[in-house]
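Novice: According to TrEMBL, the record shows the following:
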| type | residues | note |
| --- | --- | --- |
| DOMAIN | 71-182 | domain '3-dehydroquinate synthase N-terminal' |
| BINDING | 75-80, 109-113, 133-134, 146, 155 | NAD(+) binding site |
| DOMAIN | 185-319 | domain '3-dehydroquinate synthase C-terminal' |
| BINDING | 188, 245, 261 | Zn(2+) binding site |
């Protein structure tokens, strides 16, 4: 198939109070990034922000294609800090990026957060484009405008809402992902299925040889878009997207960020389903089903950390209300419920039951 025979990317429009933006899904999404930049009126100095792993794989090639500069930062959640953002500010200034400039985030969720936060705050805000390369970023992190960095006390404690001008999702990158990145992204799709679409809860969908996976990708993206449009600043229903994340963020922190975010989300979904049963919201079949699916995909269903340490790490979670922890639980598939009244002992008991 020649380049001209490849279908143009599908476009999904996302409404927001700051103006709508587009998500392009298709094999031409990255290779026509220059066309998309012009289409959206982005004619100022563009800079690609990526990490040291992706720079030689995609970053240098894309920078040459677009004729733009490339900024590369260390790879990993441990570098999602204010210090790294400061280095981005310094490089943007060195390159002469002005208020008409654009930052292109080429990478996974960490790069999207770092580059987006820098774009939101540099010169009081410049244009921002998401070019996600990981499955997790394609279906979740690149959509919705949440950007930020971690503090020693916890994840995403400093941040902003910064909507991209557009998002370019290129499924042809997916076969190049290592298995560890693939299953991490699968965790967020399973979450979407538990919240809104039971048909996504089939382990066979997550096989690397699934020829129809682009449709799975599109459905998961649409679920995230629907939430974001209804609640752009996470004041209400969008909080349901935190299913499994109260556990996940705590486990990430206790692990010293040796657990990947998707791995922690997989475990968090299992824990949230068990907690739902423990407080009487659902029968035992639901946590059994969730654990079976998460395990079949290859995500962890157990952790070795002290329950008290994980519970303590939840105290700096940004989702809490005062001293009250907020959990997204399930009455069933597609029946989420946000609860602020979960007993601490129930949380500890669930963590103990999942300890290996």
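From the backbone N, Cα and C atoms, a Cβ is placed for every residue, glycine too.
Unlike curated records, TrEMBL annotations are generated automatically.
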Novice: Validating a neighbour-count step here. Other CB atoms within 10 A of the CB of residue 188 (Zn(2+) binding site): how many?
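Specialist: Other Cβ atoms within 10 Å of residue 188 (Zn(2+) binding site): 27.
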Novice: Measure the Cβ-based neighbour count of residue 245 (Zn(2+) binding site), defined as the other Cβ atoms within 10 Å of its Cβ.
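Specialist: Taking all protein chains shown, residue 245 (Zn(2+) binding site) has 23 Cβ neighbours within 10 Å.
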Novice: For the domain '3-dehydroquinate synthase N-terminal' (71-182), jot down how many residues DSSP puts in helix, in strand and in coil.
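Specialist: The breakdown for the domain '3-dehydroquinate synthase N-terminal' (71-182) reads 49 helix, 33 strand, 30 coil.
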Novice: Same-chain residues six or more away whose CB lies under 8 A from the CB of residue 79 (NAD(+) binding site)?
Specialist: 73, 110, 114
Novice: Which of the binding-site residues 188, 245, 261 has its Cα closest in space to the Cα of residue 111 (NAD(+) binding site)?
Specialist: 261
Novice: Return the average pLDDT for the domain '3-dehydroquinate synthase C-terminal' (185-319) as a whole number.
Specialist: 97
Novice: Using the Cβ center of 188, 245, 261 as the Zn(2+) site position, which other residues in that chain lie within 8 Å, going by their Cβ?
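Specialist: Those within range, site residues removed, are 136, 140, 187, 191, 244, 248, 262, 264, 265, 268.
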Novice: How many Å separate the Cα atoms of residue 134 (NAD(+) binding site) and residue 188 (Zn(2+) binding site)?
Specialist: 12
Novice: Counting across all protein chains present, how many other Cβ atoms fall within 10 Å of the Cβ of residue 75 (NAD(+) binding site)?
Specialist: 17
Novice: Sort the binding-site residues 75, 77, 109, 113, 155 by C-alpha distance from residue 188 (Zn(2+) binding site) and give me just the closest.
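Specialist: So, spelling it out, the nearest of the binding-site residues is 109.
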